[in-house]
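J.: Pasting in a structure now, in structure tokens, and then I'll have a few things to ask.
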């Protein structure tokens, strides 16, 4: 993976298919060595800044544990721990941190912010999530798919993403499908489809890799024959309550339940979710949603599906660690 040394990791379309497949192989190898307890530390003495303008569980833990496993040191800068965009520009922050750290992770708002960090830092910058893209999540998703369907290569797999497909997950799934040749179906109301320009761009790339990208409102047609069903939350914290009502009303027919899994015609279909999920009423927000919108069986996914043998969401969550570690090792060391 020496070709990725000192590279940024901002969005998947910055890479070619061989580079993405190389990262997945590296992640699988790093996972195996960690499980055996004989992991080689490639990042001893490296210092890494973790900027979180949005709260996180999986992303923060994955970056921190990956760094510690590899012998690196981290500094966590939370929403109140830096002056980015308030008293200091992103450009100036990048130039300061680039003098002190070997790499910078950014999880926050607009993609232009992480792009600006990368432009000015002089060290590798990794996108932990922006409003537009979530590339580290997709690496974990692809590794999970390979592990749970080893008899197929990625370009032989079919994935249906059901629900709100115009978010950062929908965008990044498009890019992933184009690069690795997935048969991707985005199953959603037309008003929840992604930006047509991005769809066109990804379809152009998919022509070279054998990928197929379909957008449809037809749930039965969209999930037929799928190897994986994927969904994400319908609403986000901070959105107005009026938006919640509109979104839930619009997307209720697209809930992932057992009937939808059965509609795939594939008894071995697996369920993916990037988490957190509103699958029950065991959280304060889940209770509020259940009472207000009569969603006692779950929102975007039912508890029955989430807790079933179809669900591989916790393997998926664990793989955040191994794939993020692969990005760190590939961009900060020259080992093959």
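Even glycines carry a Cβ here, placed using N, Cα and C.
These came from Swiss-Prot, pasted as-is:
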BINDING   56, 57, 58, 59, 83, 107, 134, 135, 136, 137, 274, 275, 320  carbamoyl phosphate binding site
BINDING   168, 232, 236, 237  L-ornithine binding site
J.: For residue 232 (L-ornithine binding site), just count the other CB atoms lying within 10 A of its CB, please.
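T.: A 10 Å sphere around the Cβ of residue 232 (L-ornithine binding site) contains 25 other Cβ atoms.
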J.: Between the binding-site residues 58, 134, 320, where is the Cβ count within 10 Å the lowest?
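T.: So among 58, 134, 320, the binding-site residues given, the one with the fewest Cβ atoms within 10 Å is 58.
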J.: Within 10 Å of residue 134 (carbamoyl phosphate binding site) (Cα-Cα), which of the binding-site residues 168, 232, 236?
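T.: Checking each Cα against residue 134 (carbamoyl phosphate binding site), the hits are 168.
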J.: With residue 274 (carbamoyl phosphate binding site) as the reference Cα, tell me which of the binding-site residues 168, 232, 236 is the closest one.
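T.: Checking each of 168, 232, 236 against residue 274 (carbamoyl phosphate binding site), the shortest Cα distance is to 232.
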J.: For residue 136 (carbamoyl phosphate binding site), what is the secondary structure by DSSP, using just helix, strand and coil?
T.: helix
J.: Select the closest residue to residue 136 (carbamoyl phosphate binding site) from the following binding-site residues, measuring between CA atoms: 168, 232, 236.
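T.: Comparing Cα positions, the candidate nearest residue 136 (carbamoyl phosphate binding site) turns out to be 168.
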J.: Based on Cβ atoms within 10 Å, give me the single least packed residue among the binding-site residues 56, 136.
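T.: Looking at the binding-site residues 56, 136, the Cβ with the fewest others within 10 Å is that of 56.
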J.: Tell me the Cα distance separating residue 232 (L-ornithine binding site) from residue 58 (carbamoyl phosphate binding site), rounded to the nearest angstrom.
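T.: Between the alpha carbons of residue 58 (carbamoyl phosphate binding site) and residue 232 (L-ornithine binding site) there are 15 Å.
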J.: Got a sec? Which of these binding-site residues, 168, 236, has the most Cβ atoms within 10 Å?
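T.: It comes out as 168.
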